[in-house]
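As recorded in Swiss-Prot:
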TOPO_DOM  1-227  topological domain 'Cytoplasmic'
ZN_FING   50-162  zinc finger
REGION    173-208  region 'Disordered'
COMPBIAS  199-208  compositional bias 'Polar residues'
TRANSMEM  228-248  transmembrane segment
Amino acid sequence: MLFPDDFSTWEQTFQELMQEEKPGAKWSLHLDKNIVPDGAALGWRQHQQTVLGRFQCSRCCRSWTSAQVMILCHMYPDTLKSQGQARMRIFGQKCQKCFGCQFETPKFSTEIIKRILNNLVNYILQRYYGHRKIALTSNASLGEKVTLDGPHDTRNCEACSLNSHGRCALAHKVKPPRSPSPLPKSSSPSKSCPPPPQTRNTDFGNKTFQDFGNRTFQGCREPPQREIEPPLFLFLSIAAFALFSLFTR
C-alpha cells in the first residue's frame, strides 16, 4: 500500500501515461489541499472520481476500507504549447469510533493509483485532444477482496464536511422504499352469506329436541321453513279428538 505522500510515484506514472497516448505533451501534476469541489477557477476544469482506499486511525489504530475515497482534480491547459497543469486533492475520512479526531489520509494499492491516473489522463485526452476513451480495468479485477456495505458516511467524509460546497458530488443517496400500490377495487358487489344460526337445546320432559340451527345450508340459499313444534301439534290432536267424540255421541 502506498501513501499520497509518496507523490513522486504518482507524478512519474502520470507522465508515462501521457507520453504513451500523447507524445510531446507536457503536463504537470501537483498535490493541492486548497482546491474544493465545484470551486474551479476561471478557465480551469474539474474532474472527480471515487476509488477504493484504506484508512487507519492515528488515535485508536482502528483500520477500515472505503470505496468512497474522493479524488478531485482541477486542470488548466495551454493547447497552443500542448501542455498544461493538473492539481489533485485526495480527501480523507475520520474514524467512526473516536470523537474529535482528525481526517486520516488514505492508502492505495499500486493498481488503484494507476487507475486514478488512468482516469485523469483519459479525461485530459478526451477534453483537450479529442481522443477516444481508453478501456480501463474494473475494480472487481484489481485483487481487492473486501466487503463493502451501507451508504456513504457523510459525517466523517472530508469532502462532505465542506459546508460552502455541501455534500461531495459522488455521495450515494439512499432511495426511499416505494410504498405498495393499493389493491384494485372490485366493480361487482360482493354477496355475503348470512351467519349460521346458533345451536339451541329445548327440553320437553325426558326428550331433547335440537333446533334447526345445526343444519348445514349450502351456498346462500334461504333456510327451510320451520315445522310445527311438538307441543302445538299435540294440543291440536287432543282438540280434534274431543270434537270427534262429541259429534259421535
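Placed from the backbone N, Cα and C atoms, the Cβ positions cover glycine too.
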Could you give me three numbers for the zinc finger (50-162), the DSSP helix, strand and coil residue counts?
26 helix, 36 strand, 51 coil
Quick one: average pLDDT across the zinc finger (50-162), no decimals.
86
